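**Q** Pasting the feature list from Swiss-Prot:
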type: BINDING; residues: CYS70, CYS72, CYS85, CYS88; note: Zn(2+) binding site
type: BINDING; residues: ASP575, ASP577, ASP579; note: Mg(2+) binding site
Amino acid sequence: MIRSEKEFDYIKIKLASPMRILQWSHRKLPNGQFVGEVQKSETINYRTFKPEMDGLFCERIFGPSKSLECACGKYKRVRYEGLICERCGVELTESRVRRHRMGHINLIYPVTHVWYTNSRPNYIALLLEVEQCEKRLDTGWTEFADLRDIKEKDNKDIPEYPSSEIECRNYLASPKAILNCKEFLKEKSKAKKSNIVNFYDERIKRIKLASLAYFIAEDEIAFYGLHWDLQQYRRCRELGFTGYPLKPHSKSRNRRRNTPKYLLRSTPNYLIGAVLIKRELEKLNLDQEIIKTRNFIMLCSKVLHKEQPFYNFSHWSRKWEYQRIYKLRDQSIKRIRILENLLTTGANPAWMIITILPVIPPALRPMIQLEGGRFATSDLNELYRRIITRNNRLLRLLEIDAPQLIIRNEKRMLQEAVDTLIDNGKRGKIALSASNRPLKSLSDIIKGKHGRFRQNLLGKRVDYSGRSVIVVGPSLKLNQCGLPYEMAIELFQPFIIRELINQGLASNMKVAKNLLQQNEPIINPVLEKVLANHPIFLNRAPTLHRLGIQAFQPIIVQGRAIKLHPLVCSAFNADFDGDQMAVHVPLSLEAQAECYMLMLAPYNFLSPANGEPIIMPSQDMVLGCYYLTVNNINGLLGSNHYFADLNDVILAYNQDQIEIHTSIWVRYKHKISKPSNFIKKIILNDKSYIEYYENIQIRKDENDQIIVQYLQTTTGRVLLNYIIQTTLNLKP
């Protein structure tokens, strides 16, 4: 089999057109027959345990289940590779093609993509400009409609207003319109603010895309009127009008039986639901819409920056109007981003409506036979089965000319089945299996910590790597880490085998592997020799900056946990409450040289973000130093004993003769600056004398020469001083 490896710089994810989906799955056989469409909901034949033809595991569509063997068994040899069986139509090739060959389902009725109709922001609603708010800046058209109502009710002498919308748009620019609007606001001054807010948003708010796609309406009039509303609104938007004709009010319950003929004529059956949304999306001219939206954003900005006066009426009206314009501008900014992305990627907005549904390869949704004749299958097979069943049932209902109510219900069920396949629970109700377990959809497979991206693409398992919990290793050096013995044997196995053969301890690789499996004592010195000159990488996810991966010199430790120096925790953003870290072994000489020259922990002392030290004692280390140097605790074992040097103190502490906080006197050989807080002076028989200070005792001879001097301290302070001197090589 010929494998082609193509180099690429990046991967671009965008909307797939129906023709592209067909290219993924559509194939032509030598006999002229096209395959690729999944027409049956069956998976396998439960008598022969073979995939059903044209089903979800069809060998003719996705490839053979067994390599180089057709479904009917006529051809079973390597010499027939590439041949297509004339009896069953199966191509003789490797079975691994079932991991990438796709199929498709021709949907009888188009459905909307749930990611674009039930998302925030709602992409389709933004493109069609029906996103919860009235899409116009001038409110005069609606106000004039109310003025007529006022005139009819109160019989006031209000001048006549233009009847057509084009005349109205010209009329709005005149000073007369501003005067009449002021009169109107005086009439409405007694009205509540909430009523006016609802009045402004009422007409567009009732156009709900979910109601269109899922056929949700209280009666026939509301159902057809909803689609009529969208068509009229979109037609007026294309002409540049600021409003659209109002939908007739719904009738009372006793008059809702028959749908008016004029509504049926204005909204044909084939222009309802997702078909209508698809037609409106197809009619969008992206270039013109971008220009119109940019101009609208500029107009909103001028009004908000008071460059162009807009509202000269009451304070609360002006405040509310500015809030509405802010909302319109924000939605227009979101809309122009969507339009520019569609234009850049060359995608058509109508591709958000699915007419051809791709079927992923069967190896990615397997069916496994268990003991006892039962089968375990992926949830995707059940979701695909529902779609095919409902799609075929809708086709039969259309063929027999079933009532429209039944057909609409079946279309809604088909829409819900596709929604569940793409993202189960996105629209509210979660589809459950027979055991009341939520079915795993395509979105569930790719998202989250255990999804396809983070688990299999970003977090791939590689050779010469391991993972374990980290624990603190306070006795380690800064460039060291504790590596568990079992992990070291497994990671460095090839290096150990080579060293065993080079030293003559094993004659071949098989003997060396047997020595490793039997855990012979001879392995330990060989392992230490290998680790002496071989660093390792430690990585903690997420790797947010370059210090998330550092090199260390491994030290063999017992147990199964990786020991880490506490000072490097801040660079890894790690703590010891169950965090895990990954171990990687650099194989090439270049990688090992990079470890020693650039990536060792002592060489990463400063933070690359701000240049400040990132290796600093904190938390347990500060508390430990404080506890180690605490004094003024009386009545402890060995208090006020005298010691010749630091070694005597450490020896006494190791023999449990003194405690960590015991107050002791230690001889000090260096010169002490003139002490203060003199207490007393005692003269001895040999004419020498002892001067007592607060923390110092000095014995001098009769010539004032110092014989010996002692400092008062604690065992813990001696230990801290001894460690610092040893580390800095200051100890004599």
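Glycine residues also receive a Cβ, built from the backbone N, Cα and C atoms like all the rest.
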**Q** Considering only the binding-site residues CYS70, CYS72, CYS88, which residue has the minimal Cα-Cα separation from ASP575 (Mg(2+) binding site)?
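**A** Comparing Cα positions, the closest of these binding-site residues turns out to be CYS70.
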**Q** Look at each of the binding-site residues, ASP575, ASP577, ASP579, and point out the one with the fewest other Cβ atoms around it within 10 Å.
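**A** Sparsest of the binding-site residues ASP575, ASP577, ASP579 by Cβ contacts within 10 Å: ASP577.
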**Q** Spatially, which candidate from the binding-site residues CYS70, CYS72, CYS85, CYS88 is nearest to ASP577 (Mg(2+) binding site), comparing Cα atoms?
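**A** Nearest candidate: CYS70.
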**Q** Report the residues of the chain - excluding CYS70, CYS72, CYS85, CYS88 - with C-beta within 8 Å of the mean position of the site's C-beta atoms, for the recorded Zn(2+) site, in sequence order.
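**A** For the Zn(2+) site the neighbour list reads ALA71, GLY73, LYS74, TYR75, GLU86, ARG87, GLY89, VAL90.
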**Q** Near CYS70 (Zn(2+) binding site), which residues of its chain come within a Cβ-Cβ distance under 8 Å, counting only those 6 or more away in sequence?
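**A** Set apart from CYS70 (Zn(2+) binding site) by at least 6 residues yet with Cβ under 8 Å, we have GLU59, PRO64, LYS76, CYS85, ARG87, CYS88, VAL90, LEU92.
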**Q** Compute the centroid of the Cβ atoms of ASP575, ASP577, ASP579, then list the same-chain residues not in that set whose Cβ lies within 8 Å of it, in sequence order, for the Mg(2+) site.
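**A** For the Mg(2+) site, the extra neighbours are ILE470, ALA574, PHE576, GLY578.
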**Q** Cα-Cα separation of CYS72 (Zn(2+) binding site) and ASP579 (Mg(2+) binding site), in Å?
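**A** CYS72 (Zn(2+) binding site) and ASP579 (Mg(2+) binding site) have their Cα atoms 54 Å apart.
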**Q** Select one residue from CYS72, CYS85, CYS88: among these binding-site residues, choose the one with the most other Cβ atoms within 10 Å of its Cβ.
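**A** Top count of Cβ atoms within 10 Å goes to CYS85.
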